[in-house]
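Swiss-Prot annotations:
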- 159-168: compositional bias 'Pro residues' (COMPBIAS)
- 1507-1522: compositional bias 'Acidic residues' (COMPBIAS)
- 1532-1543: compositional bias 'Acidic residues' (COMPBIAS)
- Asn9: N-linked glycosylation site (CARBOHYD)
- Asn152: N-linked glycosylation site (CARBOHYD)
- Asn248: N-linked glycosylation site (CARBOHYD)
- Asn290: N-linked glycosylation site (CARBOHYD)
- Asn338: N-linked glycosylation site (CARBOHYD)
- Asn400: N-linked glycosylation site (CARBOHYD)
- Asn659: N-linked glycosylation site (CARBOHYD)
- Asn707: N-linked glycosylation site (CARBOHYD)
- Asn734: N-linked glycosylation site (CARBOHYD)
- Ser1167: phosphoserine (MOD_RES)
- Ser1262: phosphoserine (MOD_RES)
- Ser1269: phosphoserine (MOD_RES)
- Ser1334: phosphoserine (MOD_RES)
- Ser1335: phosphoserine (MOD_RES)
- 713-758: region 'GPS' (REGION)
Amino acid sequence: MGLHFYECNLSVQRKRVCSLEKRQMKAPKYQTAYACEGKKLTIECEPGDLINLIRANYGRFSITICNDHGNVEWSVNCMFPKSLTVLNSKCSHKQSCSVLAATSMFGDPCPGTHKYLEAHYQCISAAQTSTTTNRPSPPPWVLSNGPPIFGNGSGLIQAPPPPPPRLPSLPGVVGIHGINAVPPTHSTPSSSTATLPGGRLKGVTSATTKHPGGRHDGLPPPPQLHHHHHHTDETVPTKSSSSGSTGNVTSPSNTRILTGVGGAGSDDGTLLTTKSSPNRTPGTVASTTNSSLSIGGTGAGGVVRTINNINLNAAGMGTDDESKLFCGPTHARNLFWNMTRVGDVNVQPCPGGAAGIAKWRCVLMKRLPDAGYDEYDDDLPVASSTTPIPPSSAGDCLHNSSSCEPPVSMAHKVNQNQRLRNFEPTWHPLTPDLTQCRSLWLNSLEMRVNQRDSSLISIANDLSEVTSSKTLYGGDMLVTTKIIQTMSEKMLHDKETFPDQRQREAIIMELLHGVVKTGSNLLDESQLSSWLDLNPEDQMRVATSLLTGLEYNAFLLADTIIRERNVVQKVKNILLSVRVLETKTIHGSVVFPDSDQWPLSSDRIELPRSALIENSEGGLVRIVFAAFDRLESILKPSYDHFDLKSARSYVRNTAILSNDSDAATGDMQQRIRILNSKVISASLGKGRHIQLSHPITLVLKHLKTENVSNPTCVFWNYIDHAWSVNGCSLESTNRTHSVCSCNHLTNFAILMDVVDEHQHSLFTMFDGNMRIFIYISVAICVVFIIIALLTLKLFNGVFVKSARTSIYSSIYICLLAIELLFLLGIEQTETSIFCGFITIFLHCAILSGTAWFCYEAFHSYSTLTSDELLLEVDQTPKVNCYYLWSYGLSLTVVAISLAINPSTYTQNDYCVLMEANALFYATFVAPILIFFVAAIGYTFLSWIIMRRKSRTTLKTKEHTRLANVRFDIRCSFVFLLLLSAVWCCAYFYLRGAKLDEEVATVYGYCFICFNTMLGLYIFVFHCIQNEKIRREYRKYVRQHAWLPKCLRCSKTSISSGVVAGNGGPGVGNVANNSAGTLSKSKSKLPLSATDEARAVEQQQQQKDVPAADDAIIMGAGSDSELNEAQQRRTLKSGLLTGSLQPTPVGAVVLERGTLRSTGMASVGHASPTSSAGSTHLIFAHKQQQQLQQPGEAYYHQPDYYSWKHPQAGQREYYNNTGVTANAGIGGASPSQAHEVFYWTQKHNNQHGKKKRGGNAGAVPASPSGSLHSRVTAASQVLFYPSYKKTSGLKQPPATQAYPHYAEALDPPNAAYYQQQLQQQQLRQQRQQQQQQLSSDEEQAEQHAHLLHLQHQQRRAGGPQLPAPPPHMAQYQQELLAQQQRQQYRNKHSNCDLSQGMGLGKGMGMVLGDAYYNQGGSSNGGGDGGPVYEEILSNRNSDGQHYEVGDFDVDEVYNNSVGTGVFNSMRAAVAAGGNRYCGGSLSGGSVTSRNQQQQQKQKQPPRRCVADDDDDDDDDEYDDEVTAAEQLHDSVCDDEDNDSDIDDDTHGLPPQSDERMRRLMALQDEDFKRRFQRQQRKNGLPLDYGASAQTASINHPEHNGAVFGVSGGVGEGSMRGAYRQQQQQNAKSPSARLAVNELFGHGNAGPPLPPANQTPAQKRQQLQKLSPQSTTSSSSHTSHSNPQHAPAHHIQHQQHHQQQQQARHLSAMLDENNTVRCYLEPLAK
């Protein structure tokens, strides 16, 4: 059979020029010759061929060769090391030779053994011999993995094969004096010309064989096998094409990781893998021909056994048929193993002196690529060791039951070599399987022990002698342990034949001594190769049999002894102690062994006295102790699991060797667990696992103290033949010892993990890019978390101090700790002192962070199910509870974990995770899952409740709060999912990277992405999306000059208002200390809505306003910003520079946190807050008369003085009905005296909500809707003057309905200014009394108390306060007495303006029961002070607590108007009131709502309903009122009063916002009905749109228009109907203005008079406006000729502007959970 080769030449330019030339060559035959001792060995070749010796030995390796008589006593481990040298000197390169096999020629390596001479050789041609050195060459299949190539027609150049796999050494072998070193093999430097695939020469290189001389991975070295094998250095004949020099290349050995499935000796044909680290450098290729497993021996002359991995493939590389690959021939266990096809099992007879068969399997192993191996580099040699099959090998193929395949072309090989280039055949397992090989002499002993008359003592002695002197095989181990157990069973029956007790004890003791000696021999190092002949399952089975056999024989002796005695059997590897103790002599624990008995180890086992007493029998306790040496090398643990199922995979998972040439490879090694202590045993019953009530204590010394961790206490399970942890626990451990506690008795030891000697942190797993990305990701997240925390702390004035703010602060703190600890932990190694601390704190931080997320979801749920939806205030008790449960529970869990097993935090490979054990899942995974599921559950419930509420609530504050809660729930849910993704990716990445999984990289980059997104999410959705935070950022940036110029660029935005006043104890002082200016942008705030074209004109118009010269900007609006150029600017300077849009004089904007941030001196003053949007408080005092345009009546309200005394050239028209307002630039601007307060928010048009009254001719819409508007978002709170009711007799219709305007229309009356004069006199008296008070503190205290009483009196609806007493004491007593007489109505809200001051039924309705006006009768003693206490639905108010600042006492008692008209009104109003309130802020619960509905159902039907008069009906009114109608009205009045009393009796709770829609409808109906009745009583038309029948001068009585809360303008709406009436009578001075038209009174009729002036201001007005001066003018003149207005009116206006002071607006939360606001009194 011929082989085809290719000849390739390489040009000077290194271009490959190959000419294929087929030549035939006869492959040399591999031959073996033997010669017995005393005879000649003759070697002869054919003519033309020369002898090439491969290996030789003089001695004996086989018991069958040259043994005609079957002598089994000869040694089979006999070798003369210089046999090959002697034979080469006689036969090398000769055609024939003869050598005498005698001791005189070779020496006597083993006297007493019949020896033989064995030689392996080839007959090669003389031409081949001329190109090589005199070194012997190996067989052709050893020379190369590729076809031979002829260079230049001579010299055979072999294609260098890749390094074959490094076979792993046998694990767990530890010598008694340390680690056994492997004898190094010979290394020969040589040069070679490497040939690449395709015939291209790579160049001349040199390589030196290096064999391992030590271990660098911390594992035990390969075991020493006492087998004599031939050692030969295989050389490759090479020749350089350029220089012609030749050399021999000695192949290096490469050790690989053996991984795969299937146990040793298995025939399953499993594909295994091996890890290869080829030693390749550019331009240099080492020619490798074999892979060696070096096994040293302890006998004379150590040898090395070589395993040649040869791929016998006729086609070379390139075939897809794995059956074409072969394992090379080798020697192992005194047998020659010829080449075997992959997947086949080589079976042959056992070595000489043993019966049975031996087998060894050839498998295909995958070479795992590493850093030095390029899988796709075609310029490198093919990673295979396939060679063509020589013709002479056909017989070998047949001998191995395999067939030889025909050749295939080289081109096919090159195209197909990629598939199998990473695979190569390997013998598996590490050693042949000799389980069925049994020595002949052991068979003889087994037959003897089964005989009836055999002597057990003799058999035991023979067995101990044979095992100490003979080499055993795997089958011999099984037979030996079986004989030991058989002898114990037989002795159990034979001992009864010995009647004498002493004789019985002596015989059993002798038997026990032989058994112990035999067991020690089996554990000896010399028999380690016999253990390796067994597969792992059989090894565990033999070890279990040995332990049980020793225990059975020991208990034979213990049961024989009947008195207290201690028998100790001590041999080389076993210490056995049999103790029989009397219970009465046991005074403490029993300790084994004694310090002087077992010097090999300091292990100790301690049995408590209670455990011994419980297991006593007949007053005696029988104990068997045993300590073993070298048993730890046999009872190897399986990978990760200590049971029989995984024992099969131990070899492939634990035999890990690093490449000797590259000890610092970056490949991750798999987990290795070793037995790191001696095995110690204790038993109280033969073969029984006795459970003890009190555990025993074991102290075990570590065999290896470096690079080991995770000690685990285990015992040997006889049933599973594996180590188990059941019943044992680790008490404590240190570097050298571990203390264990077990509740049963058996064989104990310590298992530990092997750690790589080169400690690596977690970042060693990362590639360069991932390491950088992790740093960047963590840094980004940390920066954004810090920004969020600083935002919450620095801008705390923006936020409500609520539970949600505290929760998010805690979440940010926990996340910051997690990020920093993770960054520190991944840089630490397991040996670092900070490793355990970092893991502990990280555990606590993760648990706390997850708990806070759960509490955040719970808080959202509780907010939706309680009144907290409308009142988001500081909830300190609840937050403290969250703190306790979060941090307290986390610390408790971590403390429990530390108490159970502290080493859990230090046993993991890296310092960011706990060890994955039961404690990890119980204390880490379980709490996190509980918190996570709870958070998801509460979020789901919150979403359901929110959806249900959104369908049942009005578009009021509750609806807005629901929208805010909905947004918070969404953000929190996304936040929770994102954080869970971050932690899950981090966990799976760490676990995967630890096991070197490919998917770990994917998890790593997912962690980087999610962690970065987490930081961005925190910054965007928790900081940037909040409008107030954005505004604070802009302020902060523009106020700090150290920031970059690009960040502090100036922008323009709308002004949010200014503070009026020039100093004073109110807002003005604070305003003067504040900083910043405002500019204008497009906005919808209730300010001037002029366009840009009129900005300059209005700025010039504001120059002459004295009261605003020193006004300072109080705070920026939602879009306002502080100008960087002028950080402190007054209103006047802002108007002059053009950066400030003119605004109403005296308007104040109090924004969220403004007062707090500007250092308000008043305690507790803070502006209302909101979770979204901006809230503004407008203080429209002394508002300037602006140019009025259509749609601006809401903002620019005409004032009383400008109406009464118009400026020259100025005419006032209302509702744009032919009258213009023309204020000259230089003229004094009129001002309005009454005050308007309201909260409002800038309108959002994109919500698609209809603006009320936006059509032409109607009242323009407010920016954000008005009171209880049904078509707009009711988002404002109004504070307006609620005029006190007046009671008295019914006046004739001719009486003036507007007494305030009467003095202007009819100067002789001057009722208003006469009242002012009376109030001034009373005020002077009061000042004299106040001066007698001791101090200002007492004044403030008494005043506050009196004001509180007056406030309760006003809300209780009782009678009016009496006239002021002469001194304060009497005044206070009378107030207290009157308070006791009043009946407090608990259902009052702050908007209950229609409640009567008295509840008596005897007083009828006079002039309307709900009309409010200022002042009372002269003798009624009622107060006329303004009360600013109306708060309606404000969807942004969070209901903070405010300090109370009420009015001055003087103002309360001097602010009455004594007219008979209002005396009669007081009596009329006292009889009834409005039943409903539309402005309650009380959220109300479900129970209260149900009660209210039930109570309403129980109410009888009302007989008094509103008349169905159409608002648009223009029929004339019949002046005659029938008696039936009057009776009907009287009955209705009584019914109304009765219903009010019924409400008081039942104690109805405050109305809830959920009933707002129904209440508003009922209010409209009730108001309409009352209005119609009042019209009948006053003789006025019932139709709203009817024109007034009275003259312009003789004003009719007030029509009793009530305050309606309806916001509609259509039919049924009081406001809409009355607006029509006002529009039709705009020029009529008799037009009436109800309080509900406070913000729309510019459309018709004159404005309200000054109702809020203090006595000082009123006295000034009286001085300026005397009755004599006012007499000269008339109402007609005032209206028709404004140019003739008296000068003192203008002077009074200017003086009034200069003296006006800004005041605080305070609020408090009353007993009905209603926020009530008050105006601060002016300074005395």
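Cβ coordinates come from backbone N, Cα and C, glycine included.
From a predicted model like this one, the values you see are computed outputs, not experimental measurements.
Residue counts for the region 'GPS' (713-758) by DSSP state, with H, G and I taken as helix and E and B as strand, are 0 helix, 30 strand, 16 coil.
Its Cβ taken as reference, Asn734 (N-linked glycosylation site) is surrounded by 10 other Cβ atoms within 10 Å in the chains shown. The Cβ neighbour count for Asn338 (N-linked glycosylation site), using a 10 Å radius over every protein chain in view, is 18. Under the DSSP three-state reduction, Asn338 (N-linked glycosylation site) is assigned to coil, being neither helix nor strand.
Looking at Asn338 (N-linked glycosylation site) and Asn707 (N-linked glycosylation site), their Cα atoms lie 41 Å from each other. The distance from the Cα of Asn707 (N-linked glycosylation site) to the Cα of Asn734 (N-linked glycosylation site) comes to 13 Å. Of all Cβ atoms in the protein chains displayed, 17 besides its own lie within 10 Å of the Cβ of Asn707 (N-linked glycosylation site).
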